[in-house]
Every structure is written in C-alpha cells, then in structure tokens.
Amino acid sequence: MAARPHPEPSSNADKGLGEHEEIHVSSGGVQAYTDEEDCESRRPLLHPTPASAESYSVSAAVLPFFFPALGGLLYGYDIGATSGATISLKSSTFSGTTWYDLSSVQTGLVVSGSLYGALIGSVLAYTIADFLGRRKELILASISYLIGALLTAAAPNFAIMVVGRFLYGIGIGLAMHAAPMYIAETAPSQIRGMLISLKEFFIVLGMLLGYIVGNLFVEVVSGWRYMYATSTPLCLVMGAGMCWLPSSPRWLLLCTIQGKGNLLETKEYATQCLCRLRGQASPDLVSEQVNLILDELSYIDQENQAGFSEIFQGKCLKAMIIGCGLVFFQQVTGQPSVLYYAATIFQSAGFSGASDATGVSILLGLLKLIMTGVAVVVVDRLGRRPLLIGGVSGIAVSLFLLSSYYTLLKDASYVAVIALLIYVGCYQLSFGPIGWLMISEVFPLRLRGRGLSIAVLVNFASNALVTFAFSPLEDLIGTGALFSAFGVIAVASLAFIFWIVPETKGLTLEEIEASL
C-alpha cells in the first residue's frame, strides 16, 4: 500500500494498518479492523450510542452559525416579499412603472425567477464547491444576493428585473448548498442538529419578515422596489461576517490530504481555526480532534479528487439515496401546492378581504416559526427519525383530510382549515428542518460538496416540477384526487424513512461516514 500523509504520530497512528485493515471511528477513538474480524462489533447507524463530548463555548458557536444562516433568511425573505411585490408591481396605482400590465408568463418569471436562478446556482456549486471551500462559496453567495437585490429594486424595465431575480436565485442556490455544510463541519456534534435545524428556523423567519415588509409597502408607490431593497443590508452583513469567520477545518485538512498544501502548516492553521470555533476549549483537546479528523481522512481513501462516477458508488451512493430521497419527498408530498391553496382555503372559511389575506400569511408564518422552533429544541434529544416518522405521518393524514374536503365535505370548511394547519405544523417538524439537516450530515467529506450540490439541485428541481405540474394535473384528475395522490406519496415517503433513513443523533461527521 502506498505511503499516505499522516498527522503527527498518535497512539493509533503509531500502530499502522495492514493492507487489509480499515478504520472505524468510535467514541473511544480510531479503531482498526481486519477483513477477518467480525464486523458485527461495529456500531450500527440506526441505533447509535452517544459520541464523545466535544469541548466548546456556546458563545463561540453562535457567529459560525449566524452568518451562514443569514443565507437561509435571505432565501425565506425572497419568498415572503415576492408575494407582496407581485401585487404592488401589477397595480396601476402603486406600481410606479409603465410596464405594470404583466402577462401571466411575465408574472411567472418574476415569481419563479429566483427558483430558476437557484437551479443554476446548484449546478454551479457542483463545480466550484470543493475548489473554493465552504466559506468563500458563502461570500460569493452574499455578493450574488446583493447584486440581484439591487438590480431587482432599481430595475428600469422588466428584462433587468428578471436578470436581477436570476442573480438573486443563484445566491440562493449557492447559500443553500454551502450554509448547511459549513455549519455541519464547524458545529460541535452535541448541538449540530439543533444549529442546522435552526437554519430552517431562519428561512421561516425570513418568510415572516418578507410578509411583514410586504404588508408595510404594498400600498406605497413603487413599494415593490422597497421590498426587494430591504434585503441589501442583510446581504452586506452576511458577506462581512463570512469574511471574518475562519475556513472549515475539515475542508482545510481534506485539501492537504489531497496534496493541495503543506501538511504541517495546514494542520497548524486548521487547529487555529478550530480553536476560534470552539472558543474556550482546551488547545490540547482541539489538537486531538484535528488529529482524529486527519487519521480518519488518511485511512478512508480521501487522497484523490473525487470523480463524478464515485458519487454513485459505495457509501456515497447510500448517502445520495438518503439525501436526495428526503429532499425529493420533501417537495413531492405537495408542499408548494398546499401553501398555494392556503388563501383559497381560508377564503372558504370567511377570510376573504385583502387585509385578511395578509393576516393569514402572517398567521401561517408564525405557525411555521413556532413549529420549527419546537423541532430545533428537540432534534438533538429525540433524534432525526422520530421527528420524521411522526411529522410525515401527520402530513399524510392532513393530505387525506384535504382530499376528503374537496370530494366529500365541501360544506365543512373547518376540515380544510384544520388539515392545512396540521400539514404546515407537521412539515415544519419533519421535512422542513430535518431534510436539510440530513443532507449536510450523510455525505462523505471528500464528496460532500458535490453530493450536496446534487441534493440541492434535486430539491429545487422537484419544487419546480410540483409547481409547474400542479395546475395541469388538477384539471386532469381534480383537486381532491390530486391531494389523495400526494397522500399516497406521503405514505411511500414514510416507508422510505422507516427502512432507509438512519439515525445520526450524537455522532460526529467522521463516525457517520465510517458507519455508512
């Protein structure tokens, strides 16, 4: 076996490994196994034991989460603000433009322009993620956000506005790819689930902020410009914050293992970065953790740059099935369509005025925020699988209730309202935060950048598929039957979660990778 670069010798590294031995990380450190040893002794991923505690300062963990999470807040803000911006833009009284009379296609480009840009950003992330690293990718995302927001807000004509929407969307695609990776790779394992789930909380908080800003400016001349311009200070804060934060130590060590830097210098720099990220943690403990990461990278064949075909082989294929399956089911269980029908459902219950519609949007935003907050609090206590199984079960029930309303109980509008609230609450307990959490955890480090970019691409593509296919399918088979179909898909996703998705609570990223 060819010689591999190693960190400074440790008790495990001194022993060396034979040609047919492999490494496994456990709470006790790195353990060697031979081909002949009983693999049953390895810890199963579905029933993990707690990982060894990482020493860290809570205050030091805040900013490495906060600045990347602003990328999620800006994504949510765009969703909320655009709902009010389209009303303002198409108003002959408040548009402030001569091109306010938009066709349905033009309106669709305004609403979905950021989604198309996010698809482009996801594809772009595949090629640049491992080259730039997580931190620089987030800086690039903040720049794309800023230019997109300014172009949209100052657009002199429709074409420039669409360009701005696309550029903002590219920022979404890059941020939603890099933010969960940076948070996952820098957060202590004990609170990793909470922090990545809290990023979903920031997305919902951004949506609520967008709804509120939209409500403030919807009856102001050129109000849509103010709605989009409001996001620019957040773009600047995100960019400045990411310039200040250190690089991901795991990404730095991966680069040097692949021959892109001097091992000793990079190891020292990675230790400094991890010390900043852990705050008051002992330098000796931080150095030990860096050694553990290096040991794992050295033994699990991380030396070569990942090729495209490797993403669909071995443990990365398993991770791809888990990650892409979750984000696919996240969208095809009808999330875009159910929210699309929210206004209609509340109108049937008597909330028909324009002010009522705005109030309903804020109400749903608050419900999403509260339920996401519940998920954030309990995800590292209960685990990922219980939240997914319980939440998706509630989603399935709510979809069948919605179907029954449109087919059998048309006079019982309260059934639709209850079903809608159950759907939104259960989605924010399960698919909303846990989908993004799992895709940031399961991919092997060497393939994490590219694997996660494919998962993000699947997410946005599935969203676009459901959004575009909903109206034709509704005309073809009816609303009730369509919601029943979503319910059946939710049941299928429940089986997928039960049989395929592992529990990762309390494990370090290296332990998850070794277990896969």
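Including glycine, each Cβ sits where the backbone N, Cα and C put it.
The feature transmembrane segment, as given by TrEMBL for the ranges 105-126, 325-346, sits at 105-126. Per TrEMBL, the range carrying the annotation transmembrane segment out of 248-270, 386-408 is 386-408.
Using the rule of three or more Cβ pairs under 8 Å, pairs at least 6 apart in sequence, the transmembrane segment (166-184) is not in contact with the transmembrane segment (386-408). Pairs of Cβ atoms less than 8 Å apart link the transmembrane segment (138-160) most often to 56-77, out of 56-77, 105-126, 196-214.
Under the criterion of 3 or more C-beta pairs below 8 Å, with sequence separation of 6 or more, the transmembrane segment (476-501) and the transmembrane segment (386-408) qualify as touching. Panel annotation: around the transmembrane segment (451-470), residues 112, 115-116, 118-119, 122-123, 125-126, 129, 173, 176-177, 180-181, 311, 316, 319-320, 323-324, 327-328, 330-332, 334-337, 340, 435, 439-440, 443-444, 482 of the same chain, lying at least six beyond its termini, place a Cβ under 8 Å from a Cβ of the stretch. Using a cut-off of 8 Å between Cβ atoms, the transmembrane segment (196-214) and the transmembrane segment (105-126) share fewer than three residue pairs, counting only pairs 6 or more apart in sequence.
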